[in-house]
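Data first, discussion second: the structure below is written as structure tokens.
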């Protein structure tokens, strides 16, 4: 269901619809493709229990009131009940329609034609205050339709939160801003604590998995530039497993990330969001995820969050504190 002009309308996955702002988008980001209609039965360790607690409903109410999107909802994150029940959410900036169409992602795609909610930076800051967050994760859709990729809007949101309370820690999981350094600088020049850019998969699978405008080394060079310009800012990336990669390729990706100074890495199981998206090639066991974590720490990462249900922003506050995670 999509809420358009305040009315809930059923939009089929893979279908085109018109947004409240007058531009077209594709529901769940991928048009209907029968060849991907393969579903693999999930193992027991991936089953999640729904828990609509009072805190969950509070977070939902706050984000709706302030007209904010969350990646928790738009990307169908399996941890939404756990995180929202603990009063945390990952705010997704610049709307819920992405200009890119990665084959794993269920965020809607389209061309917003320059639309932005000018009130969003302050609305986001006020929501953070109402939720009582000490650590907030910001992410966004890609906005290739904007001259700076939305970097200025993103930076304004970070600044609004820090102006509200400079003690709030902010993690920015950003787009690659087309690899343009002056756009990246807009994020670096805020008081952001963590800058993340997800590599998503191993180098061999980058083209079939990610949008053609994204790139394996474009992501790594982004993170390298951040670390060179601001050594005190923690850098972070994330890998999905289960797309057809080998363990050796995962370890090579870890090496590549460490070579550009990445501090934190997360690894989680890819789960096919709709029948039109890439199929799951394998389900990795919790034991193997623990092995990934062990290897990652040996390679020098300050922290490795690795588990079937881990996503890039999952328990981000705990990862920031560099605790050993019981995942």
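Glycine is no exception: its Cβ is also placed from the backbone N, Cα and C atoms.
Annotation comment: Swiss-Prot describes 72, 77, 83, 313 as [4Fe-4S] cluster 1 binding site. Here Swiss-Prot flags 98, 102, 105 as [4Fe-4S] cluster 2 binding site, drawing on sequence analysis. Residues annotated as domain 'Radical SAM core' in Swiss-Prot, with sequence analysis given as evidence: 83-302.
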Item checked: Beyond the site residues 98, 102, 105: chain residues whose C-beta lies within 8 Å of the centroid, for [4Fe-4S] cluster 2 -> 29, 100, 101, 104, 106, 107, 109, 141, 142, 211
Next item on the list: Do me a favour and check the Cα-Cα span between residue 313 ([4Fe-4S] cluster 1 binding site) and residue 105 ([4Fe-4S] cluster 2 binding site); whole Å is fine.
Entry: 15
Item checked: Surrounding CB atoms that lie within 10 Å of the CB of residue 102 ([4Fe-4S] cluster 2 binding site), all protein chains -> 22
Check: Over the domain 'Radical SAM core' (83-302), what is the model's average pLDDT?
Finding: 94
